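*Asks:* Pulled these from TrEMBL:
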TRANSMEM  B:9-30  transmembrane segment
DOMAIN    B:95-300  domain 'ABC transmembrane type-1'
TRANSMEM  B:99-122  transmembrane segment
TRANSMEM  B:134-157  transmembrane segment
TRANSMEM  B:177-199  transmembrane segment
TRANSMEM  B:235-261  transmembrane segment
TRANSMEM  B:281-307  transmembrane segment
Amino acid sequence: MSLLEIEGLRVQFRTATGVSRAVDGLSLSVDAGQVLAIVGESGCGKSVTAMAILGLLPEGISRADGTIRFEGRDLLALTDREMQKIRGKAVSMVFQEPMTSLNPVLTVGRQIGETLRLHEGLGRRATEARALEMLRLVGIPEPERRLKQYPHELSGGMRQRVMIAMALACNPRLLIADEPTTALDVTVQAQILDLMRDLIGRTGTGMVLITHDFGVVAEMAQRVVVMYAGRKVEEAPVRDLFAAPRHPYTRALLDSMPRLTEGGEAPEELTEIPGVVPALTEPVRACTFEPRCPRASDQCRTLYPPFRECGDDHMVACWNPEPQPDAAVAEPRRQGEMKA
Amino acid sequence: MLRYMVRRILATIPVMVVVAIFVFSLLYFAPGDPAAIIAGDQATAEDIALIRESLGLDRPFLVRFGEWSWNILNGDLGTSIFTGLPITHLIAQRIEPTLSLTVLTLVFAILVAVPLGVLAAWKAGTWVDSAVMIFAVLGFSVPIFVVGYILAWLMALQLGWLPVQGYRSIGDGLWPWFRSLILPSISLGCVYIALIARITRSTVVEVLRQDYIRTARAKGLAQMPTLFIHGLRNAAVPIVTVIGIGFAMLISGTVVTESVFALPGLGRLTIDAILHRDYPVIQALVLIFSFAYVLVNLAVDLAYTLFDPRIRY
Ligand SMILES: Nc1ncnc2c1ncn2[C@@H]1O[C@H](COP(=O)(O)OP(=O)(O)O)[C@@H](O)[C@H]1O
Ligand SMILES: [Mg+2]
C-alpha cells in the first residue's frame with residue numbers, strides 16, 4: 001500500500017465566470033521515503049491539489065471528488081475535526097512564502113510549540129525543549145535567542161527553516177512542500193533543499209514536492225508528475241523524464257528552463273511557452289494543450305488523449321508524443337517550430 | 001519601551017493644554033453673560049457690573065485663563081454659580097454613576113462586539129454575516145433614547161425584570177448596582193457595539209486572507225483557535241484604535257442615557273449646568289470629558305506595542 005494514493009481527484013471552484021475545474025481527474029501515488037515532484041506552469045492546479053490533500057480548500061466555493069487515500073484512509077471522507085488530527089501531525093506542509101506564512105505577532109517558539117502542544121500534548125517545558133531541538137536540527141544559529149524572536153526579525157531563509165522545523169516537529173509521514181524555495185535566493189535555495197533532503201532521508205518521510213523548477217526536481221525527486229490545466233499529462237522517473245520527455249508540454253517546459261547554475265538569478269515563472277493556459281471553465285473535449293502544441297494533429301482537436309504507457313514506467317497523455325531517443329534520428333526534434 | 005512610554009505620556013501634556021485653551025475660549029466667547037444670569041431679572045446695569053467685577057469677569061482673557069489653569073492644577077475647578085458649591089464637590093458626588101456606566105458599557109460592548117465581528121468575518125457572505133451587519137447598521141442609526149425607552153418599556157414595565165430608572169451605588173451591593181446599570185449599558189452600548197463590530201469584521205476578513213492563517217490551519221489548529229489566536233491578534237490594532245476613538249461617542253452618550261434612566265451622574269450634571277448657564281461647571285465638565293478621552297487614547301497607543309511586536313517606537 002502506498003503512503004498516499006490519489007485517484008480521480010476533481011476539484012471545482014464556483015466562480016463568476018462559471019465552474020472552474022482546477023484539478024480534473026488527477027491520480028498519483030507516493031511511497032514512504034519517496035519524493036514525488038509535481039511540476040507545471042502556474043495556475044495548473046498544483047497548489048489546489050496540495051490544499052485538497054490537507055482538506056483546506058475554501059469552504060462554500062469549492063468541491064472535491066475522487067479519493068485521496070493516506071495510509072489507507074480516504075481523507076476526503078473525513079470530517080474537519082478528524083482532519084485536524086492529521087494535519088501538522090501525519091501530513092504537514094511547507095508553503096512558498098516564508099515572509100508571510102508565519103504569524104507576525106507570535107514568537108517563533110510559540111509557533112513551533114503550538115504544533116507540539118496540539119498533537120503531542122507536551123507540557124510547557126517539554127514543548128520548549130523540543131522546539132529548541134527542532135531549530136537546531138534545521139540549522140538555525142543561536143536557537144535559544146531565535147525562539148523568543150518574531151518572524152520579522154529573521155531573514156527569508158531563516159523563516160523557511162522555521163517553517164520546516166514547524167512542519168517536521170511532529171515527525172510527519174508525509175510532507176507537502178509547495179514551491180518551498182521559489183521565494184528564496186539561489187544560495188539559500190540550495191541550503192534549504194539540502195536540509196529538506198537530509199531530514200526526509202533520515203526519517204523515511206514521503207514527500208510531495210510542488211515546483212515549476214526542474215533544477216529542484218533533479219535535486220530532490222525520484223518521480224515526476226507533469227500537470228497541465230488541472231490534468232496529469234506525463235509521469236515518469238526523474239531520470240527518464242529528463243532523458244526523454246514524451247509530452248510536447250514537458251519538452252517545452254524543459255527547453256524554457258533557465259540554467260540554474262549559470263545565471264545566479266532564481267528562475268522566474270515559466271512564461272516562455274507561447275500561448276496561454278486555457279480557461280478552466282470550458283468543457284474539455286479536445287486536448288487542452290493543442291492550441292499551443294507544435295505537434296498538434298487533427299486527432300488532437302477532436303478528442304482528449306488517454307493517459308497511457310509510452311515506455312517502461314513512463315506514461316503520457318498525448319496523441320503524438322515526442323519520439324523515444326533511439327527514434328530521434330528518424331524524426332528530429334521540432335523545437336524551432338514550437339518557439340515560432 | 002519604557003522610554004517610549006514616558007515620551008508618549010509627556011506628549012499628552014501639550015494636547016491637554018490645547019484642550020484647556022479651547023474649552024476656556026469656548027465659553028469665554030459664548031453668548032450670554034454669566035453676571036447677568038447671577039444678577040437675575042430685576043438687576044440694574046450697575047448691579048451686573050458689580051457682580052462682573054467681583055467675579056473677575058472684567059479682566060483680560062489671558063489673566064483669567066492663567067488663573068483658571070493655575071487653580072485647576074491645584075485641584076480647584078472653581079465654584080458653581082447656580083449652587084454656590086465647589087465644582088470638585090459636585091463632580092465627586094456625581095462621578096460614580098458615570099464611571100460605572102462607561103466602564104461597564106465599555107467592557108460589555110467589547111465582549112459582545114468583538115466576537116460578533118469575528119463571527120461575521122468568519123462567515124463572511126453568509127446570512128450570519130448579513131444578520132450581524134444589519135444589527136450593526138441598526139445599532140448605529142437608532143438613537144440611544146429610542147433604544148432606551150423601548151428597553152425600559154419592555155424589560156422593566158412589561159416584564160418587570162429590571163428597574164425602570166435610578167441608580168444603586170456599588171456600596172449597596174454588587175448585584176443591585178449591576179441590575180441598575182443593565183438597561184442603561186445596553187442602550188448606550190448599541191452604537192459602540194455597532195462601531196466595534198464593523199471594524200472587527202472588516203479587519204478580520206482581511207486578516208483571514210493572509211498566508212499565516214492557512215499555515216495555522218495546516219498545523220491542525222481548529223477554526224476557533226485559528227480565528228481568535230491567529231486572526232484576532234493580528235486585527236487588534238485597528239480594533240483597539242476604534243475603541244479609543246469611539247470613546248467620545250460613549251461620553252456624549254452618557255448624557256442622554258443618564259437622562260433616560262434618571263442616573264444622577266455627570267451627564268445629568270452637564271444638562272443641569274447648561275440649563276442654568278452655570279459656566280464654570282460646564283467648563284469643568286467639558287475639560288474632564290476631554291481629558292478622559294485623551295487618557296483613553298493614550299492607553300490605546302500604549303496598547304499597540306502589546307499587540308504587535310513590529311510596532312516599536
Ligand atoms: N480560491 C479560488 N477560487 C477560485 N478559483 C481558484 C481558487 N484557487 C485556485 N483557483 C483556480 O485553480 C487554478 C489552479 O490554481 P493553483 O493550484 O493555485 O495553481 P498552481 O499550479 O500555480 O499552484 C487556478 O487557475 C485558479 O483558477
Ligand atoms: Mg501554487
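Cβ from N, Cα, C; glycine included.
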*Asks:* Under 8 Å, at least 3 Cβ pairs, sequence separation 6 or more: does that hold for the transmembrane segment (B:9-30) versus the transmembrane segment (B:177-199)?
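*Replies:* Not in contact, no.
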*Asks:* Quick test of the contact rule: Cβ under 8 Å, at least six residues beyond the ends. What residues does that give for the transmembrane segment (B:281-307)?
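*Replies:* Apart from its flanks, the transmembrane segment (B:281-307) reaches 1, 4-5, 8-9, 12, 15-16, 19-20, 23-24, 26-27, 68, 72, 77-78, 80-82, 87, 90-91, 233, 236-237, 240-241, 243-245, 247-248, 251, 266, 269-270, 273-274, 313.
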*Asks:* Residue list, the transmembrane segment (B:99-122) vs rest of chain: Cβ under 8 Å, 6 or more residues beyond ends.
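*Replies:* For the transmembrane segment (B:99-122), the sequence-distant neighbours (Cβ-Cβ under 8 Å, at least 6 residues beyond its ends) are 128-129, 132-133, 135, 167, 170, 177-178, 181, 184-186, 188-189, 192-205, 207-208, 223, 227-228, 231-232, 239, 243, 247, 250-251, 254, 257-258, 263, 265.
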